[in-house]
Structures are given as structure tokens and as C-alpha cells.
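Worksheet: one structure, shown below.
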Amino acid sequence: MSGLIEKYADRLPLPADARAISLGEGNTPLIRLNNLARGLPTDIELYVKYEGLNPTGSFKDRGMTVAVTQAVAEGSQAIICASTGNTSAAAAAYAARAGIRAFVLIPDGKIAMGKLAQAIMHGADVLQIQGNFDDGMRIVKEMAQSAPVSLVNSVNPYRLQGQKTAAFEICETLGRAPDYHCLPVGNAGNITAYWMGYTEMALAPGQTGTAACHFCQGECPYHQGAVTQRPVMVGYQASGSAPFLRGHPVEQPETVATAIRIGAPQSWTQALAASQESNGWFDEFDDAEILEVQWQLASQEGIFCEPASAVSVAGALRDIRSGRIPAGSTVVCTLTGHGLKDPDVAHQRADQALSKVEASPEAVREAILRSLG
Ligand SMILES: *Cc1c(COP(=O)(O)O)cnc(C)c1O
């Protein structure tokens, strides 16, 4: 088993003698969409980076392996985070692996059952607050100052360092950077991390002068000069939770896509910089559109992602059809989390999908023939 710390040791700011806390994260598949791409210009190459196949089922594992490794190297005995679900699942698992404690603050209701199950089973102290993610974020930032706990939300720079490796993998697989990179935006850490990763891939060793790379103020050891261009970064939000579209924080964010139900993104400035430096944009989708594309991906491509993830593909399809993303483009969408995280969404389709039949060959044959028409 080799995780991303082992693979990218020379591009991560960890102490050389740090004990890597790893569950074999990263190295996720980049899958070309076939069926959903029908009807698009034939020279479009549309891919999904299926981050649901990380150890706890979301991209959060990339950040958590690096953040927890650093916390343990600093002698920390406990970590803390606020979470809409996936950060708490990853924090709980990596803390268990490290043999330290995890405190996770989750919102009152609106947490997907699979994510809550993970935090509980990995032995975290789950604190359900009477408030939303943004309230939790305020509290854990204060705890990091006043209690013996290390904060592992994406304001922790080691999280973004780990998450940038997804951009490395995409460039390695394609042999180049894509022309467009589409992803869901919640707290805005991931769009920031991808832009950092692409920037490190594109800048030549010794080249400086971009805000995206955290080390560019001085000597940056991480520039690869391995690709010739960076992608346009496109961020998609749920309409009920779209601070980047409104231009200001949203008080009471609401959406079925609970992973991006965040009104006050912590990496606002960096995400805006990534969007502007890359000539990108933000756009929004309502819940019905998000669930429809989630269903299409699952039923037509065999790829089950959670609702928040599907907004990236919804966005890419709309922008390719409108021509905003031009023919001939190579497009990558991040599918941030696995569909099994949020089984309630599937249960809502059970009425159409489930038919009760008598336990006899005749009844089953009849059901098959009826269904095949
Ligand atoms: C965390 C998360 C997001 C949002 O990522 P940010 O870095 O907060 O913008 C999107 N989808 C899923 C499944 C997530 O877990």
C-alpha cells in the first residue's frame, strides 16, 4: 500500500522523519464519460476524477493524511473539525489510524447518514451543535486557540497541500493539464488546492510570481515545469447556498447537496483568485437539476456519486452545450464523494425502482417481460 505522502514526499512540506498516517489514499481513477457525452461535440473529452474511491469515500482523505501526519509530528494528541459530514468521517478515520482523539462538530440535522455512521464507527467524539456548518466553523477556530486540539479543517494549510495532489495525478494521467476543470464549491478549499497543484505542475523550477503557490514568495521547491498550461477553473454551487454567485456570505444556506451547504466559505479570497487568474467563472444549479445529473451518472455510466459531486458534471454539460466551454476541449470534473454516503437520496427513488412480486418463477418471468416491454 502506498499513499500520496509516499508518492509525493518531495512535494509536501512534511518533516522528513514524520510517521506517515496513511490509509492508501489517492491514485483514484480518471474515467472518460461515454453515454452522458452523447450529443456533445464529438471532439470533447469529458472525464470524471472519481474521488469517492478514497479510503473513507471522499477527497477529504487527501488532505487529512497530510494534516494528521503533521499534527502527530508536532506531538498533538487530538484533532478537531467542523463538518458537513465528510471531513468528520476522514478526521475520525485518520485519528483512529494514528491512535489519537478526534472531536467533530456536525450540524443539527441535514447530515447524510453514511457520513455520521463513519464518524461514530471510527470512534470520534461527535458533538452535534444546534447550528449549521458556519456556526461550527466559528467555534472550532476558537477551540484551536483555547483547547489542546489541532484544527484540521481546510484553513489548515496541510489539508490543501494534500488535496493539491489530485491535480498532479490528472496531469500524469492525461500527459497534460485539462483545458477546463469543473468542481463543486463549498468551503472553497478544494478549488484552491487544485489551482495550487496545477500551478506547481505548470511553473518551471525557479519561476516565480503567482499568488497560487504558497511558496512563491521565496524559493519554491515544488515547481515541476511538467505541463505547458493550466486549466480554466470553473466552480459550481447549489442555488440555495451560492455565496460566490451572490457576492457575499449567505445567512441560511439550504440544499439537498449537504456537502456544499456552506454560506461563508473560509477560502473565499484564494478561490476568487484561482477563478480570476484562470479566467474561470462560477455558476449555480437548483436541487432538482443536481439530483437529475446524479441519477444520470449512476444509471447511465455506473458511477454513483453524492449530490454535491454531481453539480460539477451538471455544470460541465450545460457549459459545453452552450458553447461557453468550446468544442475540442478536454474537461475534467471532480466527483468529490461516493453516493453511498447519502443513501436517503436513493430511497426517494425506491417507489419507481422497486416492485414487489410473488416468490415464483412465473411471477418473476412476468415482471421481466413486462419491464422489457
Ligand atoms: C467537502 C466537499 C465538497 C466541497 O469542497 P470545499 O473544499 O469545501 O469547497 C464538495 N463535495 C463533497 C462530497 C465534499 O465532501
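Cβ atoms here come from the backbone N, Cα and C positions, even for glycine.
Just one of Asn86, Asn132, Asn279 is listed by TrEMBL for the same pyridoxal 5'-phosphate site as Gly186, Asn187, Ala188, Gly189, Asn190, Thr336, and that one is Asn86. Cβ-based neighbour count (10 Å, all protein chains) for Lys60 (N6-(pyridoxal phosphate)lysine) stands at 34. Under 8 Å, Cβ to Cβ, and six or more positions away along its own chain, Asn86 (pyridoxal 5'-phosphate binding site) finds Thr56, Gly57, Ser58, Lys60, Lys115, Ala259, Thr336, Gly337, Lys341. Secondary structure from DSSP puts Gly189 (pyridoxal 5'-phosphate binding site) in a helix.
In this structure, Asn86 (pyridoxal 5'-phosphate binding site) is part of a helix by DSSP. According to its DSSP assignment, Lys60 (N6-(pyridoxal phosphate)lysine) is helical.
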